[in-house]
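Colleague: As annotated by TrEMBL, domain 'NADH:ubiquinone oxidoreductase chain 4 N-terminal' applies to 103-154. Here TrEMBL flags 160-447 as domain 'NADH:quinone oxidoreductase/Mrp antiporter transmembrane'. The feature transmembrane segment is assigned by TrEMBL to 6-21, 141-159, 165-183, 195-217, 237-259, 300-321, 328-346, 358-379, 399-421, 436-457, 478-499, 505-524 (among others).
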């Protein structure tokens, strides 16, 4: 079953290779073959979903090929040390590993199932969205999209750490070509290189960390690695290396620049893939690699992640309020929502992690649809992304305005949508973990309502803009692209247990119940130095004293409960941004 999900898009690409796209009839045939391949893949994924056993947390539909044993004596001794050592040969028999190690193993559990479904659900709609937008090299574009779908599915179903890395980074190749060749503006090549270099830089550290784990354990199978006993000192360095790559993909501040540039330069279908699927690679990396394999380091660095999430949410939300380009606005909205996802994942609570996965899936419904509404429907009619030129669209495009209103409700996490369920559970988990962080992240509710309502009022409300001419409402194809997103958003918002039932057992394996706020004491000793150093950059004496007073007030009186450590880190980050 899983092999078929991977092979069918590749078979579709192979069928397209000898075909021509020089005439309109041939172009239509190429598009239909590509769409058929994605639709068949989606149907198979639905069969996979129907046969999935939600009462088990183990991998299901497992397939394995070519067993391979590794000789641990080959590896350097200093990489092999651990607290008590891990003997992989004594590990219990695994469901998909005949001899304890494997070169190619596939499987899904509750953590990966819905990311596979989201991939197969989104790609056919992306092809429909690009149906009339791509004007040249159409066959190559369709082949690149089919290869991209196959690579994305591989990321979510492989059960090997190094193969996960290979496919995790291989996704960049078709994405780089799609943005660089079929981008929407003249600066598309620069944006594609920015995307490639940003993610490649972070991936080098991830590769180094994976190799160290491989040398230490002697296997790259996820089930074997879950039994490994890696020393806490090694976990810290490995965690930092892996987190750097995942933070770029999320993205979190300050490595978020590539996302807005890529969205602006990409065509509408690529923007839908970026928002709906590429950002989900980081979410899956957290729950598949970072949290289960390095639990002690995850608990150790949780306050740092919480600080980054709060700063990312506040910064991106304030940046949204001054945007004039609606594609950039939706891009920064994605950054804000993904920070809520990350805070839920690192809450170490059942509600927080399940809510983060729900919000990630909901974001995969809402954000691509918004990009298609604004960057596709409106841009194709008026050829501008500047918000100031639009007003009163509800008078001439009532169906479009209604669909946009429903998507805006989802973007601001209104009740009855899956985004509301996910955000509520994520913030609940954050409050349980750290009440101050949870309430700080709750400010995102106000920010998202502010910019979402303002955007809709500016586009649809008021008198019709004199800068715009008459344009037709949604076509049948455009409506068929948007309808599945809107329907899914409300379906899983009304019946969230459809997803939560499948998630519960798998998510419960991620809970480690560590000592709360087990942040590193050496870092706390350096906090006063950073406070005084940054306070010197404040020119006004009152502002400098106020900054020092607040920092050490929280640090001194609340440190016993762990809150002071958060505020010390938070004040340093905020002041760094202020100085910049």
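Using the three backbone atoms N, Cα and C, a Cβ is placed for every residue, glycine included.
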Colleague: Along the domain 'NADH:ubiquinone oxidoreductase chain 4 N-terminal' (103-154), what average pLDDT does this model show?
Modeller: 90
Colleague: Test of understanding: applying the rule of at least three C-beta pairs under 8 Å (pairs 6 or more apart in sequence), is the transmembrane segment (399-421) touching the transmembrane segment (478-499)?
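Modeller: These two segments touch.
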Colleague: Can you say which of 141-159, 195-217, 328-346 has the most Cβ pairs under 8 Å with the transmembrane segment (436-457)?
Modeller: 328-346
Colleague: So, taking each listed stretch (6-21, 237-259, 358-379, 399-421) in turn and counting its Cβ pairs to the transmembrane segment (300-321) that are under 8 angstroms, which one gives the highest count?
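Modeller: The stretch I would name here is 237-259.
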Colleague: State the non-local partners of the transmembrane segment (328-346) in its own chain: residues 6+ outside its ends, Cβ under 8 Å from one of its Cβ atoms.
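Modeller: Sequence-remote neighbours of the transmembrane segment (328-346) are 250-252, 256, 259-260, 263-264, 275, 279, 282-283, 286-287, 291, 298, 302, 305-306, 308-310, 312-313, 316-317, 319-320, 352-353, 355-356, 359-360, 363, 367, 370-371, 374-375, 387, 411, 419, 422-423, 425-427, 429-430, 433, 437, 441, 444, 447-448, 451-452, 455.
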